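Chemist: Here you go, one structure.
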Amino acid sequence: MGKGDPKKPRGKMSSYAFFVQTCREEHKKKHPDASVNFSEFSKKCSERWKTMSSKEKGKFEDMAKADKLRYEKEMKNYVPPKGETKKKFKDPNAPKRPPSAFFLFCSEFRPKIKGEHPGLSIGDVAKKLGEMWNNTAADDKQPYEKKAAKLKEKYEKDIAAYRAKGKVDAGKKVVAKAEKSKKKKEEEEDEDEDEEDEEDEEEEEEEEEDDDDDE
């Protein structure tokens, strides 16, 4: 199911993801009470997958094809909630949010997992990373947490400066708008004065003509 919308169809799985799922289920049946060493288990699955013949992999490839059809069919009937397609405007110059300790950990280990499990789907890679993080000792997490804290501190300073600059720019726009409005008003007043002067001149000329006629 989708993270934001519970009605969103579940993402399609790869043939390798189905294979790993089967291995996990087999392991649980054989060792229901045993805790799984995720790293070792993943390595064994990867090695086993590499040695399998095309015929053995065929079963999982068929499962992946069927799941792909299921996903495509569900997506055709899926209507996203209103407003989901609309994206908020993001200023490209705004400071980017800092990554979390877990995100930094993922950035480091994601290429390794992809290398060990080339057929793994994005969702399963994320799941593996989550399990690895949960099994990581607090001391081993510290370097990532320290780096994340430093990046957060820098971000807070940058965003404060960015917002302050935004207020200054907004203030400049207001002043510029006011000056423009004032200038326009002055120009209109000057035009009115010119029209009044022209009217006065016309009246004077008419009076002079009347005087000439009287003579």
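Just so it is clear, glycine is given a Cβ too, placed from its N, Cα and C backbone atoms.
As listed in Swiss-Prot for this protein:
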{"type": "DNA_BIND", "residues": "9-79", "note": "DNA-binding region"}
{"type": "MOD_RES", "residues": "Cys23", "note": "cysteine sulfonic acid (-SO3H)"}
{"type": "REGION", "residues": "27-43", "note": "region 'NLS 1'"}
{"type": "MOTIF", "residues": "27-43", "note": "motif 'Nuclear localization signal (NLS) 1'"}
{"type": "MOD_RES", "residues": "Cys45", "note": "cysteine sulfonic acid (-SO3H)"}
{"type": "REGION", "residues": "75-95", "note": "region 'Disordered'"}
{"type": "COMPBIAS", "residues": "83-94", "note": "compositional bias 'Basic and acidic residues'"}
{"type": "DNA_BIND", "residues": "95-163", "note": "DNA-binding region"}
{"type": "MOD_RES", "residues": "Cys106", "note": "cysteine sulfonic acid (-SO3H)"}
{"type": "REGION", "residues": "166-215", "note": "region 'Disordered'"}
{"type": "COMPBIAS", "residues": "166-179", "note": "compositional bias 'Basic and acidic residues'"}
{"type": "REGION", "residues": "178-184", "note": "region 'NLS 2'"}
{"type": "MOTIF", "residues": "178-184", "note": "motif 'Nuclear localization signal (NLS) 2'"}
{"type": "REGION", "residues": "196-210", "note": "region 'Involved in intramolecular interaction with K-3'"}
{"type": "REGION", "residues": "211-215", "note": "region 'Involved in interaction with histone H3'"}
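If you look at the structure here, what lies around each of the features I listed?
Modeler: The number of other CB atoms found within 10 A of the CB of Cys23 (cysteine sulfonic acid (-SO3H)), across every protein chain shown, is 16.
Below 8 angstroms of C-beta separation, residues 20, 113, 116-117, 128, 131-132, 135 of the same chain, each at least six residues beyond the ends of the region 'NLS 1' (27-43), sit close to that stretch.
Cβ neighbours within 10 Å of Cys45 (cysteine sulfonic acid (-SO3H)), excluding its own Cβ and spanning all shown chains: 21.
Cys106 (cysteine sulfonic acid (-SO3H)) falls within a helix when secondary structure is assigned with DSSP.
If you take every residue in the region 'NLS 2' (178-184) and average the pLDDT, you get 68.
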Chemist: Could you state the CA-to-CA distance between Cys45 (cysteine sulfonic acid (-SO3H)) and Cys23 (cysteine sulfonic acid (-SO3H)) to the nearest Å?
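Modeler: Spelling it out, the Cα of Cys45 (cysteine sulfonic acid (-SO3H)) and the Cα of Cys23 (cysteine sulfonic acid (-SO3H)) are 7 Å apart.
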